[in-house]
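What TrEMBL says about this protein:
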- 12-33: transmembrane segment (TRANSMEM)
- 54-77: transmembrane segment (TRANSMEM)
- 89-112: transmembrane segment (TRANSMEM)
- 124-148: transmembrane segment (TRANSMEM)
- 168-194: transmembrane segment (TRANSMEM)
- 215-239: transmembrane segment (TRANSMEM)
- 245-268: transmembrane segment (TRANSMEM)
- 280-300: transmembrane segment (TRANSMEM)
Amino acid sequence: MIAHHLLFSQAALAAMLLLLFAGFWGCPFIALVCEMAGRMTKRIFLDKLAQQMARLGVLIHTGIWLGCVAGGAVLWHTHPESLALTNPLARFLLSTLGLGLVGTGLLIAYFTTWKQLKKDKKPIHIIMGLVGFVLIKPLFWVPALMVRNLFVTTSGQILPAIPPAHSLFWPIGVQWAFMAITLTAVLGSLYLLIRRYRDDFGRDYYKFALPVCAKWALFPVVADLATCAWIAALVAPAIQTPDMTSLWAALALRELSLIVCIIIWVVIMKTATPLRFKGMILASGLFAWTFLVGSVATLWEILGRYTGVYVPHSFVGDLLTYLGLS
């Protein structure tokens, strides 16, 4: 097997991209739930929070699509055969991207028509957002399946299009679906601080909205714990190697970062003056990023051992060696 090394710069960039992609799916979801809850409970602050999350989603969608266009242009000049319509994977991916573009268009309309449809045509507004959200969901699952097939395939091996029930794809996918909500809530709380002086909804609004974001961030963590146990049950018999130090260190980075985030979220939920803890809210963004860095390194270590496609080496092992701990 060939050894593959994961650099810190690669893990850091992957973590930043994952944070943005979390917002890509999570912002419309949180906006829709808050809007519907606000409609049912007649709480105006929920509607304002939904509108801000929808705006954040539009910004993230715009940035990601511009990045995709730039990446596609580079790929077209360097590897045009990969984008040729004769390639079945290219056709499948392009159709998924087309649906996603329509979904993004609907979500942009969902945000821009907020005031016009706010009173008499609220159901139409919600349906528009729901359809847009449904259309962007394949943008996660289809590319994830394609990457899975490329990532874990050895020479001459053909994998089924849909992973079997015992595949790691399912617990990792479920975990990401829930943690995307957590990460989106972190982005949302940061965005509330950035927009505070421009929107200026008053202290009462932020006293309400910041704890709501903290709750959105905290509760999906239960699913993270459950899926971690699911992953461990699947991989534990297959990944036992003489040297597990780098795997445990990567896992420690992931879990310690999450614990710090949980402490911050609980403080924001309990305090009567969340704006006094702006430094902690900003720190939650940093630790959410280090959580993703640790997640990328942990997954790298696990998949190398589990699939046998490569021998995993990462920056975590290099750091332990430098510190004399390995």
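Here the Cβ of each residue, glycine as well, is placed from N, Cα and C on the backbone.
Automatic, uncurated: that is what TrEMBL annotation is.
Counting Cβ pairs closer than 8 Å to the transmembrane segment (245-268), the top stretch among 12-33, 54-77, 168-194, 215-239, 280-300 is 280-300. Count of Cβ pairs under 8 Å against the transmembrane segment (280-300): among 12-33, 54-77, 168-194, 215-239, the largest is for 12-33.
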